[in-house]
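Taking it in order: structure first as structure tokens, then the write-up.
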């Protein structure tokens, strides 16, 4: 399939609706307009017209919008046909358009891809379109819109520009030693480099917040049977998401619930009680529980406060702790404070946090919510923030590593050539975010995840 073909796709979701939109982009868009509408609409004006088949029979009637390139979303000629949202009507109109020469169905994300290739959007802005559609909270939607409007790209471009100026100075001093620019010892380069590194750290912190808004946090509730895991899931979800009984082993499979804490998505997973089970179904559930635990961002180790006074997880259940990944964050939750009479609250016990609460009554659950938010470094003040993806975080981290290595070359070895190379690599990593330096394979993976009509 060629990028010079004219493409068409339904821009509205499949199924019945009040309005259905077909979008056409490419060189033959004007021919499509003449064939279906009998005329070329006035640019950027809404025309109410019949949509006709090859025999001149009216298939539907609705609004036609004409956006001649390059002043369009894709940078090409674009035609939008807004008719009634019946699947049969839209299918007939789509088939009519596809009978015309050099017109084909668009690939997923191809409209946004063409906007990127025609310099109407950079890559971060194009990704923000999909993120805006998929936003699961108001804050995520606002941050995605900020990214679409170029907030993230501007921050990245400022870093790239600063690195460019720094590289010019360093490489000029290397290429013209007779000018006696003592850039290595006068401290000017190191000062500028420190400034860029500080700015990069600030962008990384904002990107981390944006990633939390987009990706959320995966929290697994684990522990012995009847510790109150399902009750805690229900308390956090604010509804009866899981069945709760006094019978050990009631939960036999993984239960998932998605909530928000001040805008941050939280993926809570309730698991089967961990024990040596004789029942085959329960054993499968326990194995799935361990799979979820190993992939978690944090584990809530649920403890029945009526069965032990211990507060350190290694004392409560050493076998459980021995199997956990060493770097996995743990929060010990002593449940049933309404029975034991323990004081509600949170405290640090060695390397773990300990929370006392009652999942049944809900007392102390707000403390747990605050703890989860703080443990991920999430702040609810995201005014002017932007969304970020994992690849963005990786690119920012790689750029930071190159700057650290470059500074080491400057401070310890006075190696200007090596410093210049690290600056170049850092600039290249940042340019991958906006698509200034990006492989075709990466572009294919990004745009293939979009909707067909986007």
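Cβ from N, Cα, C; glycine included.
Counting only residues at least six positions away in the same chain, the Cβ atoms of 70, 72, 73, 74, 75 sit under 8 Å from the Cβ of residue 120 ((6S)-5-formyl-5,6,7,8-tetrahydrofolate binding site). Residues or ranges marked as (6S)-5-formyl-5,6,7,8-tetrahydrofolate binding site in Swiss-Prot (evidence: sequence analysis): 23, 80, 120, 454.
Across all of the domain 'TrmE-type G' (216-377), the predicted model scores a mean pLDDT of 83. Taken from Swiss-Prot, the feature domain 'TrmE-type G' applies to 216-377.
Here Swiss-Prot flags 226, 245, 247, 250 as K(+) binding site.
The annotation GTP binding site is assigned in Swiss-Prot to 226-231, 245-251, 270-273, 335-338, 358-360. Residue environment of residue 226 (K(+) binding site) contains 21 other Cβ atoms, counted within 10 Å of its Cβ in all protein chains.
Summarising the annotation, Swiss-Prot assigns Mg(2+) binding site to 230, 251 and lists sequence analysis as the type of evidence.
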DSSP-derived structure type at residue 226 (K(+) binding site), helix or strand or else coil: coil
Assigned element (helix, strand, coil) containing residue 80 ((6S)-5-formyl-5,6,7,8-tetrahydrofolate binding site), judged by DSSP: strand
Whole-number Å value for how far residue 226 (K(+) binding site) lies from residue 336 (GTP binding site) (Cα to Cα): 11
Among 23, 229, 336, the most crowded of the binding-site residues [Cβ within 10 Å]: 229
C-alpha spacing of residue 230 (Mg(2+) binding site) relative to residue 23 ((6S)-5-formyl-5,6,7,8-tetrahydrofolate binding site), in angstrom: 47
